[in-house]
């Protein structure tokens, strides 16, 4: 497992603004890594630094073992798919695809052959003679990807490539990009603000906030073991419930504060009196009869998509519950809520860090 | 009447109303004189028939007479030299400046604005200033050329037949450069930045990016500026009046100045009109090029 891209202690400043803070990241060869986080978290800056479109202020960036800190973008041998696609409007699809080959001085017949090969893979064969303005959003997206593929680069960089597509097409292209990645076996780095994209496509997810890597790992690791409250709230949809609590005097229970105080016995130890945040995923809560649950609450809102049902409870803070199927509950009903003690995530209320299980 | 009023207020009538006003203005003040000029080029016009419209029709006689004159071809050649050299100079310097300011160094937009000063100056004032610069005995241009060792003796820019046309061309390039620069700057700023990033990642160096991205993306702007340049240089009159008056011995005379000279100094209105008609043809061609190049804009 060799590292294709390696960042050690990378910092980036824009004047006084510290955009990337001590980034340590190792991207395995052939992996699909997603950089995810809210806007302004530095994920695009990080990607553009890999490409060389931004320079890093300190630290070391290696691509395929070579230090790339001062190497210009054109010599890094990485390909990028832009959010805007950045297709050359004055060139046909074929000319767009073969631009990099033309720059390298590849003969015309070979360029044509390469374009045909890639177009066959990405389904663009019938569009080779068209101009970008004559293409739909999905087709442009495909041209942008083909333009990257044709080069066989050391790494593919994606900068929110699906955000200009409509929802249905986005789901479709998601699968297509992942399938293409598996077929080509190339190293891919994918920037997105959509955690669902990151979770479904990537095998390594890097969560960033304010220029800092908050946590990285496989999608399920992040889901099961979020390292802090931010990651816990960012991963998963609908978002995790956060409830205030304190450690019980017996050291084996917590006292939840949902307007009324409620003790819950855990299968783990807690410090008595410690201020806590309890994280509870909506999908880990089950409905029960009003007097049978661990908790009891009043239903504020019922939303059903047919397949799944979203319930919002009239508690402070609000509590959401989601399950497959349908519910008899109506707004205003009292229901019981059940959950396994093991599905509870505990965070320190002050540091917001995860408490060891 | 009510229907007419409501169409004026609500519908298409309003658009037609808006369009008809400038159209009427254009027809009266540009269209009619143009037609009158064309008609005049086929008539015999002298001081006595100047006041009437129905003058003797002479067919192509004015055109034949014009081309029989010995100075006609040299003046047409002068015009061609003036137009080509002016456009080439204005475009190259203007585009170069636009590229320079495009690098966006601190104060670039401020400095670019200052360059517009040359464009708002009246041609006669520009001419007067260039008269001093170009002056044979104490002109600063001669001083610079002499001190830098490029020339041995003074060049008499305005009175030497070999230089007088170039004296006006130099002044005209100075006058038109800033307009070229502004139009090119607008064209450059319309090119999306990420195209350059994409081509940079595709391996293109600065030179390749210029030839494969900048120039093709600027094609419509360049077509427009060259067509406009042709129109503007064919209009350039003030500089000739101020610097050389077409002399010496027509060495720097061009059609636009000659037309005025024939009509309003020699009172040969028919010949003046005939030259104007020939110029109209050239300007028409330029206009078509201009309209076509702005219509074929390539954008995203």
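A Cβ is built for glycine as well, from the same backbone N, Cα and C atoms used for every other residue.
As the structure is a computational prediction, the values presented were derived from the model and not from experiment.
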Among ranges B:246-268, B:269-291, whichever one TrEMBL labels transmembrane segment: B:269-291
Dominant neighbour of the transmembrane segment (B:75-102) in B:21-39, B:114-133, B:222-243, by Cβ pairs under 8 Å: B:222-243
Contacting positions for the transmembrane segment (B:114-133) when only residues 6+ beyond its ends and CB under 8 Å are counted: 97, 139-141, 158, 167, 170-171, 174-179, 181-182, 236-239, 241-243
